[in-house]
Amino acid sequence: MGNCLHQAELSPSTENSSQLNLEDLWNFSYNGNDSFPEIDYDASLAAAAPCHSCSLLNDSSLPFFILASDLGILASSTVLFMLFRPLFRWQLCPGWPVLAQLAVGSALFSIVVPILAPGLGNTHSSALCSLGYCVWYGSAFAQALLLGCHASLGPKLGAGQVPGLTLGLPVGLWGATALLTLPITLASGASDGLCTPIYSTELEALQATHAVACFAIFVLLPLGLFGAKGLKKALGMGPGPWMNILWVWFIFWWPHGLVLGLDFLVGSKLSLLPTCLAQQVLDLLLNLAEALAIVHCVATPLLLALFCHQTTRTLLPSLPLPERWSSPVDTLGSKS
């Protein structure tokens, strides 16, 4: 929204010279010796300059993008290896195929982080930027929807009680994700060597659709899960959505969905900010929300590892003796 232009610093004398004194105008007389008050038009133009706002995620933040990408790829790859490792106890996690897809989504996000990072000069092209935004938001949408399904289905994921889950759920979720990413894919590109969404009247409908999608998935979805959990518990209708450590994921994206929606309202003139300071605060919140969203690619594999460790530690001792004999851990021990 705001720009990072050099803002002229006005001295008190300059500020006073840019305003007409009402008393001087009242006492003004049209004598030959009188002259019109001098107005500093340069100062007036400087005062009317756009609101000054510099981005936190500028060229100097490139190491942050690179570090987050590297750590995210490493952590996601490790979790995927442990989930697909033959005869390993993490395959006892309820719905471990869904967990594997979460790790894949986190890895995809980590891969495209450097593409959208500032400070890479003029290496960006519009096609590459559009692809980057497509994968960026597509992986985030997919992870949010997978978490919603994982919370709603709960332990049924590991009991084979959901027919068609193995193929139907991934196809449906990733297909919906592809549709949700179309607006930002078409409304993004490269500008001055930076990947950025394109704001124009022709693309306003696409930007509105993207803002609504982010608000619904990142803000309303977790609120709906919490509301359903509390309502079912209050009415005694059952346990409700399965609450676990994976819900922490929404903390990294909830601010982004909220602030992005507010920024669209301001940019489309549907809501006006009263002062320049309010605009600067909004720009700062946008940068902080984006940085927090980037950190999720490192946190998600850690959350998955913690969840698998907790569930397998509590699940394995509770299994009946014949099932424990056929579990991957015991099979691995017998082979060794």
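Cβ coordinates are placed from backbone N, Cα and C, and glycine is handled just like the others.
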| field | Per Swiss-Prot, Leu56 and Thr314 on one membrane face | value | no
| Candidate in Cys93, Cys134, Cys149, Cys195 joined to Cys129 through a disulfide, as Swiss-Prot lists it | Cys195
| Choosing among Cys214, Cys276, Cys297, which residue does Swiss-Prot name as bonded to Cys51 by a disulfide? | Cys276
| query | Taking pairs 6 or more apart in sequence, does the count of Cβ pairs under 8 Å between the transmembrane segment (130-153) and the transmembrane segment (208-228) hit 3 or more? | reply | yes
| request: For the transmembrane segment (288-308) and the transmembrane segment (96-116), check the count of CB pairs under 8 Å (sequence separation 6 or more) and say whether it reaches 3 or more. | output: yes
| query | Can you tell me the mean pLDDT for the topological domain 'Cytoplasmic' (85-95)? | reply | 75
| query | Out of Asn58, Cys129, Cys195, the recorded positions in the record, which is closest to Cys276 (disulfide bond) when you go by Cα distance? | reply | Asn58
| task | Using DSSP, tally how many residues of the topological domain 'Extracellular' (266-287) sit in helix, strand and coil. | result | 14 helix, 0 strand, 8 coil
| the transmembrane segment (208-228): which same-chain residues, six or more beyond its ends, come within Cβ distance under 8 Å? | 137, 140-141, 144-145, 148, 151-152, 180, 183-184, 187, 197, 240-241, 247, 250, 253-254, 256-258, 260-261, 263-264, 268
